[in-house]
Amino acid sequence: MSPKESYDDLSQKDVESLSGRSLSSSNATGSGLSSVGGAKGKSSWKLKSVVTLALTLLTSSQAILIVWSKRAGKYEYSVTTANFSVEALKCLLSLAALFRTWNRHGVTDDNRLTTSFDEVSVYPIPAILYMVKNLLQYYIFAYVDAPAYQILKNLNIISTGVLYRIILKKKLSEIQWAAFVLLCAGCTTAQLNPSSDHVLQTPIQGWMMAIIMALLSGFAGVYTEAIIKKRPSRNINVQNFWLYIFGVVFNLVAICVQDYDAVMNKGFFHGYSFITVLMILNHALSGIAVSMVMKYADNIVKVYSTSVAMLLTAVVSVFLFSFHLSLAFFLGSTVVSVSVYLHSVGKLQTQK
């Protein structure tokens with residue numbers, strides 16, 4: 001064998017060897033990537049599941065805890081102090097999240113608390129709207145039970161959609177308008193009362209309060225979104241902090257106006273029970289859960305959470321408050337769930 005032939009043979013063997021190594025290496029890399037992708041997908045699915053479960057439990061227990069915190073049909077604690085405590089706890093949670101961000105990424109223009117008067121001056125409007133809506137949330141239970149509240153709470157979808165169209169000039173799809181009609185029909189069906197002279201279980205006062213709450217919630221939500229989108233790079237925890245700070249201030253004014261004597265004579269936490277503390281934690285964590293849904297999950301998660309929460313609230317109320325689960329309520333809640341799903345689908349179509 002000549003040197004050239006032996007060199008050619010060696011070269012060919014080297015090429016084959018290298019090719020084999022390259023192929024095996026690429027196969028290993030490919031399998032490694034697929035396993036990493038699978039692990040990420042599994043981790044993402046687990047996170048979505050945890051977020052969905054948390055939001056469902058928090059949403060379904062919200063109305064139950066408010067009703068359960070009553071004693072002999074009355075609130076023994078001051079609802080204004082409870083509302084104040086919720087806003088104060090939200091402030092602390094936002095600050096804790098900010099400290100974590102500062103430790104990881106340092107202080108930047110987008111995550112620093114110091115800001116201009118022009119930026120801060122827009123937060124009092126949504127803060128006072130949320131305060132009034134949250135206070136009404138306690139008083140509406142004089143006219144509705146927990147399951148009915150969960151049904152009527154979905155009216156804020158209509159108010160938000162209409163205000164989106166008017167204020168932000170966003171187009172609503174035909175599916176979304178159809179979902180609004182279905183939602184109204186579902187809410188009405190769930191409130192039908194065939195065993196009484198009154199057609200609807202909820203009196204007109206309850207309906208009026210639910211509509212006012214929906215309008216307040218819708219306007220505050222649309223206004224807050226407009227603020228956030230005005231400066232999208234701004235850290236969400238900074239924006240939340242300023243919103244909650246004004247919420248604390250306005251609720252402090254509400255305490256002075258409505259419950260000053262009671263607080264001064266009996267104390268800030270008079271009438272509080274373990275259920276009251278759970279209710280305050282629930283209200284504070286619900287806002288965090290919604291933020292996590294927006295960040296880690298998707299819109300369909302909110303749909304499932306809303307639908308399951310209505311059913312869970314009704315089932316738990318049967319055992320806790322002797323609630324009668326009628327066919328009308330079951331059909332109405334089903335129609336509401338379908339309408340919420342259709343609204344979600346319509347929203348995704350308009351975004352494409």
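Every residue, even glycine, has its Cβ placed from backbone N, Cα and C.
Whatever TrEMBL says is automated annotation, not expert-curated.
Keep in mind the model is a prediction, meaning the values are calculated, not measured.
In TrEMBL this protein carries:
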COMPBIAS  1-16  compositional bias 'Basic and acidic residues'
REGION    1-41  region 'Disordered'
COMPBIAS  17-34  compositional bias 'Low complexity'
TRANSMEM  50-68  transmembrane segment
TRANSMEM  175-192  transmembrane segment
TRANSMEM  204-228  transmembrane segment
TRANSMEM  240-260  transmembrane segment
TRANSMEM  272-294  transmembrane segment
TRANSMEM  301-321  transmembrane segment
TRANSMEM  327-346  transmembrane segment
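The stretch from 50-68, 204-228, 240-260, 272-294, 327-346 with the most CB pairs below 8 A to the transmembrane segment (175-192) is 327-346.
Below 8 A, the CB atoms of the transmembrane segment (50-68) and the transmembrane segment (327-346) form no more than two pairs separated by six or more positions in the chain, fewer than 3 in all.
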